[in-house]
Amino acid sequence: MMLKIATKAQVESLEIQKERVDLLEEIPKLPDFLVALRPHTVWEKTPVKLFCTVEGNPRPIVKWCVVSDTAEYSAVATNQHGTATSKAKIIVKSKSPSFVKTLLTSHIHASKLDVSLLDRFPVSFGVEGNSIRLVCTMVVVPDLPNIPPIAQWYRDDKLLKPSKLVEMSVGGGAASLTLPHLAKDDEGLYTLRIFTKDGTAEHSAYLFVSDAAPSAPGAPGAPMSVKAYDVNSDYVLVAWKPPNTVNEAPITGYFVDRCEAGTDTWVQCNDAPVKICKYPVHGLRVGHSYYFRVRAVNSSGISRPSRKSDKVTALDAAESERLQVIKIEGKYDIVIKDDDLEGYVTIPGEPTDVHASEIFKSYVVLSWKPPSPRGRAPLWYVIEKVSGTGDWQRINTTVKLHSPRYPVFDLQDGQKYQFRVYSVNMYGSSEASAPSEPIQKVDEDGVPSAPGHVVATRNTKSSVFVQWEAPKHLKHLMGYYIDGRVVGAKEWFACNHKPFKHTRFVVHGLIPGETYVFRVQAVNLFGLSEESQESSPIAVEPALATPSAPFGITMLSSDGSSITVAWKSPKHCGGSKVNAYYIDKRDADTLVWKEVNLNAVTERMCTVENLKEGTFYEFRVTAGNMAGVGLPSAASIPMKCEAWTMEEPGPAYDLSFSEVRSHSLVILWRAPIYTGASAVTGYFVDMAKKGSSEFVTLNQEAVSHRYLQVTGLEEGESYVFRVRAVNAHGVGKPSQLSEPVCAKAIPGTKEIVAGVDEETGDVFLSLEACEICETSKFVWSKNYKPIGDCPRVAVTTKGRTSRLTFTNPDKDDLGKYSVIVTDTDGVSGSHTLTEDALNTMLELSYAIRHPIVPLKHGLNYEVLEKGHVRFWLQAVKLSPSVSYRFIVNDKEVTSGEGQKISHDVATGIIQMTVDHFTRANEGTYTVQIHDGKAKTQSSLVLVGDVFKAALKEAEFQRKEHIRKQGPHFSEYLYFTVTEDCTVMLVCKVANVKKESTLHWYKDDEEIVPDTPPNVMSGSCALPLPLFSRKDHGVYKAVLSDDRGKDTSVFDISGKVFDDIINAIAQIAGASASELVLQCTPEGIRLQCYMNYYTEEMKTVWKHKESKIASSEKMRIGGTAEMAWMQICDPSDKEKGHYTMEISDGVKTHTRTFDLSGQVKSDFFSVSSDRGRVVGGLPDVVTIMEEKSLSLTCTVWGEPTPEVTWFKNEQEVASTEHTRVTFDGGKFASLVINKVTPEDSGKYSINVRNKYGGEFVEITVSVYRHGEKIPEPKLGQPKAAASFKGQN
């Protein structure tokens, strides 16, 4: 309605103007120069501008003429009534550059330069510790390198000066400000002021500086604006501003640090955190300079330190007050000290005006005036305090106090104190000063009250203007902190990081189209106030205004009496939809515009009727929205009204861009209005870099559609495009050049996402816009043709997200989909829907619309202890409201006697446990699940052999449970082999007690081991030494007590026997020595010593790789400690390489010996001299106990051999019971007095010298009266190496 009213008023005004204009247009007028050209004299290479003003009716056409650089220039104005000319001469003088430079600079001051600002620094965002550079480019006339413009930088209206923290430069067409080490102190409104001949040129923008990463999670930000004032010789007062706390814990206090200038050491000044933003620091050294910094503390940790303060020097402030300046004759200054006027003073006077200059709950600062007279001697002060009627007490006893300031920290709450001060120097002390008024610590005045009503209004597409009411109680207000929050989010964010003094603030850096709320806190030295109430939600949109001017007016066709023109939308819509366009026209030779349409045009194209053929016309367009009508566009180029008769088509128009990315974009256009002599069949697209006239045709063949995807662009480069239409008669006129487009994606750009709605199963395409405004619309297209109202799809928009939902998707919906967000800087995206992707989404859609409960594991069973059988399945996820049924043989079963049914939501398990599983439980088991909309079922068929196996396992587990109620084997019998090759039968027992017993049996005959089994150890073993085939049999261990018994059986035969032999061979083979050659009376013997040898081991002897069979010539045998091969009567054919192989089933252990001819001869030559037993020893001795045994033999050898006796492979030492003798180097004896059964065993004698020896064995058996001759008892086993067998 407002727009209509505004338009009506304009029309009425124009009608009055038309009457006057029509009268003027009827009067013809010759061209006339109102302002003629004037001559110029300039230096060489200096720019010059010629201008003039001309009038006439119709509007004259002006042409310029020139003869040479230093000559006469002419301006000729012509219309149908005549011609006028204006002339001027330009004289160019040439001088040396130094002369020109000197001449110019001697007369030009920097403030007289003509300066125009171009690119200006925007609102900027930095982070503590980083750097930032603010730059403005400019045009300076004249541009003199040695005379740069005068530039000043301001922060919050305070002039900045160059320093380590502020770097400035001006020249080269730019002025810049660099902040190399950002801190929150740097936040504020920055203004660049350039002095020009017409005054000043200024630009301002805000710089935001956010907190760096905290020193600990949740720690506060650093304080800021640290300043030191009230500086004295040993005292200074430090103050600062508190940081903003948005989501962090409240600040509980501050630490103040000092650093002496010239050092890097920071010293903490206060032991406990001070709760207010002010702290008195005393104990400084006179004449020394200091820096100060502050750290904030909360429950999560300590902040990073603030920026250090400016340097301050501890000096006596009263010294300057003691100087007087006297002027003589107005010319000379005489400086006189008060000391000179006081005369000679020794003892100083008393201080005066003792009072409290700072009173807080944590401390009080005492102040007083220095004494007068004070004397020339160094002065210090002594302070005393008193409470009530008590005695005066001195309070500064540790250090001399030189300043008339002193902070007192240890005052009691609720007590009133008086203070007095003495002046002291080397001559003595003054009288006490007058006592101060009673001073009492007071409760802190506290933080300000919360700010009042907060109002947020639209500002720009990325900022909001926030206003609020000041607090009712200011309490020395420092400023305000503003916080923001996205509607629907929990976390607040800081909008500013340094207290802002005014009650209005522009919050920048917001997401276009997003909705926010804001709150404000007031700040003083005690901290932050309570938060204000939140503002009403506001969407980030530009403030409502009239639209900017349309542009790009182009001619589409002409028939001799009308011209069709089109134009481009305004770049800025003004915050509401552009719904009206008004077109003006004029003859190219007139200055007066005429309105074409009184009624608004809504499309960006218009046909202007009733034109004169052959006349040139100019057009301009004005846009309107609900705020009114904006400014008109610039005039178009003159367009001639003449009928188009060419056979080729006219120009395409309305070139636009979509999906602009770093290396690609899509260009779109509209078809020509004028098609020529035949229909348009295609288009060519040309491209050039911005500023270049070299166009490249992008498509070799004309495209029939009105879009083209362009790839291979350079990131950050700008390009212009034009389009040429084609018909059967050729290529038509090119379109108007497009606006330059930069190959760079909008920050935050997102692509179209294809998906399936988890609730409804709908297949959709979705785009979340990175920016949006109130008037924005999502325009969806398929193959770049707007979809509009189509029953196959539905478009919904919520906030910054638009969704295109397919009604019943099929192959007809395949294609490339794109969306453009209007009234943005080009937010758009595309997605190609392929058949494979659609099929995948349709499968997912079906699953959502016909949901099933997904299962990790289908129905299964397991047999538990006690013979219980558990039927179970596991779902991927279950809700607490899940329901289910167990059906067995078509009958539902429930929890009750004999079975228990349950489920666990956390694990997704549903189970039924059957306590007594019998033949009646054979059949089909099914579980039916219903969870929300989802259903499923799983079945298990338990019949036949599968059921029999389950029943057998259940019965076994039931018996096992009963067995384990008494003593039982936790591990049944198995075998191991020790390092000395003793075989051990081992079992492990459980649930035993002291009364439990274990008995061993072989073939049902009990074996009584030497050491009774210790069942309480948990493990029992039966040794089988010198294992051989004699140990074949069925072994049994029986464990029992009054609670029952358990039996374990181990059958040593077949494969078990072979496994034991292989285990022995593995250890024996690894211990085997190298083959040695031994001369015997029969010939030569190859021997191999090892831990144990038995004939059952797989032993092979080879000669020259041929296997040797035992014979009279070559006999193979062995003893318990060696394997040997005897070569009887060796001859030359027995020479060669011999090998012995012991196989353990996995590995073959090999030992070799090379029997050469020389070795054979050597052994024969010394065989008669080797050590040997000549005779006298039997093979077996059987003797009754209590008798004496004498084993005596004759030995021979040259040299005399050494003789050693062994029992069970252990050397025998000579004792009273066993006596060993060797007489005359010939007779060796072993005498055992009164033998016992323990003397049974295998005895051997080893006779050896350097040429060899002989080893002879004798088996001794001792028996009792009436007993059968027993087998010899052998050695006990050692530690075992484990080899498990089967039970």
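Including glycine, each Cβ sits where the backbone N, Cα and C put it.
The domain 'Ig-like' annotation in TrEMBL covers 31-64, 97-210, 967-1053, 1178-1261. The feature domain 'Fibronectin type-III' is assigned by TrEMBL to 222-317, 350-445, 450-543, 546-648, 651-746.
Counting Cβ pairs closer than 8 Å to the domain 'Fibronectin type-III' (350-445), the top stretch among 31-64, 222-317, 546-648, 1178-1261 is 222-317.
DSSP labels the residues of the domain 'Fibronectin type-III' (450-543) in these numbers: 0 helix, 43 strand, 51 coil.
Mean predicted confidence for the domain 'Fibronectin type-III' (546-648): the pLDDT average there is 91. With respect to Cβ pairs under 8 Å, the domain 'Fibronectin type-III' (222-317) is most closely packed against 450-543, considering the stretches 31-64, 97-210, 450-543, 546-648, 1178-1261. The list of residues near the domain 'Ig-like' (31-64) in space but at least 6 beyond its ends in sequence, with Cβ under 8 angstroms from a Cβ of it, reads 24-25, 73-84, 86-95, 100, 103, 141-142, 587-591. Per DSSP, the secondary structure of the domain 'Ig-like' (31-64) breaks down as 0 helix, 18 strand, 16 coil. Broken down by DSSP into helix, strand and coil, the domain 'Ig-like' (97-210) contains 15 helix, 58 strand, 41 coil.
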